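All remarks here apply to the structure that follows.
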Amino acid sequence: MIIRSPEPEVKILVDRDPIKTSFEEWAKPGHFSRTIAKGPDTTTWIWNLHADAHDFDSHTSDLEEISRKVFSAHFGQLSIIFLWLSGMYFHGARFSNYEAWLSDPTHIGPSAQVVWPIVGQEILNGDVGGGFRGIQITSGFFQIWRASGITSELQLYCTAIGALVFAALMLFAGWFHYHKAAPKLAWFQDVESMLNHHLAGLLGLGSLSWAGHQVHVSLPINQFLNAGVDPKEIPLPHEFILNRDLLAQLYPSFAEGATPFFTLNWSKYSEFLTFRGGLDPVTGGLWLTDIAHHHLAIAILFLIAGHMYRTNWGIGHGLKDILEAHKGPFTGQGHKGLYEILTTSWHAQLSLNLAMLGSLTIVVAHHMYSMPPYPYLATDYATQLSLFTHHMWIGGFLIVGAAAHAAIFMVRDYDPTNRYNDLLDRVLRHRDAIISHLNWVCIFLGFHSFGLYIHNDTMSALGRPQDMFSDTAIQLQPVFAQWIQNTHALAPGVTAPGETASTSLTWGGGELVAVGGKVALLPIPLGTADFLVHHIHAFTIHVTVLILLKGVLFARSSRLIPDKANLGFRFPCDGPGRGGTCQVSAWDHVFLGLFWMYNAISVVIFHFSWKMQSDVWGSISDQGVVTHITGGNFAQSSITINGWLRDFLWAQASQVIQSYGSSLSAYGLFFLGAHFVWAFSLMFLFSGRGYWQELIESIVWAHNKLKVAPATQPRALSIVQGRAVGVTHYLLGGIATTWAFFLARIIAVG
């Protein structure tokens, strides 16, 4: 740590009334661009309007102005999020069976959407139990509400109104901090202050207040609910907060107040701050006392972290010093210059944030089922499948976004003149070695992973099961994964005092947990089938990385187009007269990367869906016999391509295909419609621009003949626009098809 003389006092960091509020200006389409503001000559105008409306770099090159626009837009985003949350809570209050579900969560399904019988579509209101008819929801909101101690629909109403107030507040803040008091550039670049506020404020105090809420409100209310007390009889949250004796009846140490804390007799608090591991056998969720303890610990860590950086007082770390000291023996200048990059290029900053948030989202997907945090979440199979799928897709998109903004940084913000021998420069100088090695890895993984399946299909087709790779013939056991599982299964009692079970039941060792005759979780066995599909995961992920990384490393120049940086982030080809230079822009790499991201995530969610139905989810008899949904067929069926097609896609599609005439029929329509949207995308992806331009000119001729030709000239989509429309419909169609397939299946059988 470097101790310096105090920094000069903070200057005034806002400009007053920098930009007037003008509805006349905003009402003019394309007011942000001289060219677009002139109005349309051709139909390309509307596409350019959409492409550039939020590309603040194209409006101005003034970093301060760009920063203010981004900052203001963030408040708008928060406003929309609050509005959405309010809608969710309002549906819970107005259209849901939450109170009924709360009284019997094992036999009643969650529903917060009731279809109005306008054209006879009330068939969609299925019987979710308890005499309620509505659409079964799979968002997990009911489970979150129970975990946070919400016991009535009135409380949901109040929260919904509160969220609306916050939405309005955020809208106001977005306007205020752009038009009335706009921060100066120095404020956006003061990273130490930002770290202090975000770490100590958002994460530290945020976690602390959540831990406080859990201890004082959630834990007592959930204890009553678990004991079967009628929600209407349970004291209201404010009674627990104001009346300590009420809590002391449940947790005797509350009678002593803060004395044990100040006398360091902290073990007194172990009644409500536990470290048990495993799941609560009543609800099938993590112990809420473990979760409260976790948030308290996280709060302490982040409150400390928030005090590590040097601001107005001359004590603490400076980010620039940390980065410039970050040198290894083989990395030249190391991170020198990175501080300047990250404080002047928001694309570089965003790229890092997206990569980390995307990875974190995928980590969340894997923890939601292996350590289900909310009561009765683990036995709600449709919600479990939805949460996993949702977080996987979101994580995939965020990671592709990271590559997109890294490439935009390279094209727009990277200045090669003052970068020499730092880490980025060194990576760029040996990019050929990186990409060619990565390419070799992809070829190796592709041939070998698919080769194992093709071998199995061939042996199966020839009637030679003894020569297949399977748990019953030639075994390829995932020994490293099994070793990790065993290590974790044996960990309790060694890692933390009082820990009675491992972090997740999936590791093994523990008994299964069942709630209301349904399996919540049990040790997940891994075998040859998992080994095979794991290598498909490795293959698809490496190909996605190859495409995205090549796009970033060759964004500015390549042997084919040495001056690529001058052509920008997205361009169709390197001008006329240079054949073979189309589809090489950084944008095109993002475009291609999206398809492989889609491949990668699809295999993951298919693996998860089938594995859980085969080896985890199911019912348990009074004698303790478990019957899985697909009877454990994953290990023997998923080892051939044919098995995936026959026993997963075809066999499990029967529910969505046969859904007509039932309350699941909307999924049947979506399944059909989303296939159509997906097929529609191929029209854009498989045909060239000239084809459409010729067609349009014939159609324009016909319009002229009839004297109904429009003033705005029709134009075919540009190459880049066509590919953008194509990939959008491809992903939208593919994801919605998967959604309908998964939900119709799991709601019917789960």
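In case you wondered, yes, glycine gets a Cβ from its N, Cα and C as well.
In Swiss-Prot this protein carries:
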TRANSMEM  70-93  transmembrane segment
TRANSMEM  156-179  transmembrane segment
TRANSMEM  195-219  transmembrane segment
TRANSMEM  291-309  transmembrane segment
TRANSMEM  346-369  transmembrane segment
TRANSMEM  385-411  transmembrane segment
TRANSMEM  433-455  transmembrane segment
TRANSMEM  531-549  transmembrane segment
BINDING   Cys573, Cys582  [4Fe-4S] cluster binding site
TRANSMEM  589-610  transmembrane segment
TRANSMEM  664-686  transmembrane segment
BINDING   His675  chlorophyll a' binding site
BINDING   Trp692  phylloquinone binding site
TRANSMEM  724-744  transmembrane segment
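Structural mapping of features recorded in Swiss-Prot.
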residue	record	CB count, 10 Å
Cys573	[4Fe-4S] cluster binding site	17
Cys582	[4Fe-4S] cluster binding site	13
His675	chlorophyll a' binding site	15
Trp692	phylloquinone binding site	17
What parts of the chain pack near the transmembrane segment (531-549), using Cβ distances under 8 Å and only residues at least 6 beyond its ends? 399-400, 403, 434-435, 438-439, 441-442, 445-446, 448-450, 452-453, 456, 469, 476-478, 481, 589-590, 592-593, 596-597, 599-600, 603-604, 607, 638-639
Between the transmembrane segment (291-309) and the transmembrane segment (195-219), are there three or more CB pairs that fall under 8 A, provided the residues in each pair are separated by 6 or more in sequence? yes
Tertiary contacts of the transmembrane segment (156-179), as residues 6+ beyond its ends and Cβ separation under 8 Å: 17-21, 68-69, 71-76, 78-80, 82-83, 85-87, 89-90, 92-94, 98, 145, 150
Between the residue listed as 'phylloquinone binding site' and Cys573 ([4Fe-4S] cluster binding site): CA-CA distance (Å): 18
Separation of alpha carbons, Trp692 (phylloquinone binding site) and His675 (chlorophyll a' binding site) (Å): 23
For Cys582 ([4Fe-4S] cluster binding site), the three-state class that DSSP assigns: coil
If one measures from the C-alpha of Trp692 (phylloquinone binding site) to the C-alpha of Cys582 ([4Fe-4S] cluster binding site), what distance in angstrom results, rounded to a whole number? 18
Ranked by Cβ pairs within a distance under 8 Å of the transmembrane segment (724-744), the first of 291-309, 346-369, 385-411, 433-455 is 385-411
Is the transmembrane segment (385-411) packed against any residues at least 6 beyond its ends, judged by a Cβ distance under 8 Å, and which are they? 138-140, 341, 345, 347-348, 350-355, 357-362, 364-366, 368-369, 544, 548-549, 551-552, 555-556, 565, 568-569, 586-587, 589-590, 593-594, 597-598, 600-601, 604-605, 608-609, 612, 735, 738-739, 742-743, 746, 750
Please give the sequence-distant neighbours of the transmembrane segment (291-309): residues at least 6 beyond its ends with Cβ less than 8 Å from one of its Cβ atoms. 147, 191-193, 195-201, 203-208, 210-211, 214-215, 218-219, 272-275, 316-319, 373
Could you check what DSSP calls Cys573 ([4Fe-4S] cluster binding site) once collapsed to helix, strand or coil? coil
